[in-house]
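Remarks on the structure that follows.
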Amino acid sequence: MSSPRHVFYISDRTGLTAENIGEALLNQFGNLSFKRHTHPFVDTPEKARAVVEKVNRSRQENGQRPIAFVSVVDDEIRRIIKGADAFQINFFETFLGLLEKELNTEATASGQGHHSIGNTKRYDARMEAVNFSLNHDDGVSDKNLQEADVILMGVSRSGKTPTCLYLALQYGIRAANYPLIPDDLESADLPRMVKPYRDKLFGLTIQPERLQAIRQERRPNSTYAKIDTCRSEVADAQSMFRRHGIPFANTTDKSVEELAVHILQACKLKRRF
């Protein structure tokens, strides 16, 4: 079996743009393996040269030409990185010229990346949403729950917390979540805490076999992790969702990104940035 191809994400900011687009492209090659290296804040010629050395060293040691996804605004730094012995996809170089031509004007660098804290409204909205999600994780508090944009419901380990945090970080959505415990599942009614907010509820379900595997890692050989327990809880949760007309989605084969977009569309939520 051949060794994994080395992939470098190089950015003059956080690296999130290079990673997100790069990963979306690499995911189309599920039969290949990759070893990833992320280099954020490459914003000086010295840092750029250091990264070039690492890329070239990887080429020599691995024997395969690395792949580099580059998100760098500065022309000089881009020129230095271009000297690396790698197959390079430079997002600004590839798309900026096309956009300038279409808009019939030259781009003017703002000096701040789109992840910069300089955009205070965006930053504040993100932090408020994250704090809200953390304060309303796992049904710990109903204080100000009426301010939630959406309340996720599901059995333990069905993916509620990561989905809430992704909605908060990526879209500024105030997402709370409530764990369905056996007492809730035995009742014909909605849990008391979330009942007043019926219109904000969205359910998460999961295949029992996948749930059992996740729970087994958390609490090995416990009743909580038994397949019969998982099957019963999942079936009861889905019955509750259907009984009360609560929309729900299966998290088994969905990434958190896909799940978040599905929830936005299903609940007609308006992103804050």
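Using N, Cα and C of the backbone, Cβ positions are placed for all residues, glycine too.
As recorded in Swiss-Prot, the features of this protein are as follows:
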type    : residues                                                       : note
BINDING : GLY154, VAL155, SER156, ARG157, SER158, GLY159, LYS160, THR161 : ADP binding site
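Where Swiss-Prot records a feature, it is marked here on the structure.
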residue	record	Cβ within 10 Å
GLY154	ADP binding site	26
VAL155	ADP binding site	27
SER156	ADP binding site	17
ARG157	ADP binding site	22
SER158	ADP binding site	27
GLY159	ADP binding site	23
LYS160	ADP binding site	27
THR161	ADP binding site	17
For this session: Within the same chain, and leaving aside GLY154, VAL155, SER156, ARG157, SER158, GLY159, LYS160, THR161, name every residue whose CB is within 8 angstroms of the centroid of the CB atoms belonging to the recorded ADP site, in sequence order.
Result: ASN177, PRO179, LEU204, ILE206, THR251
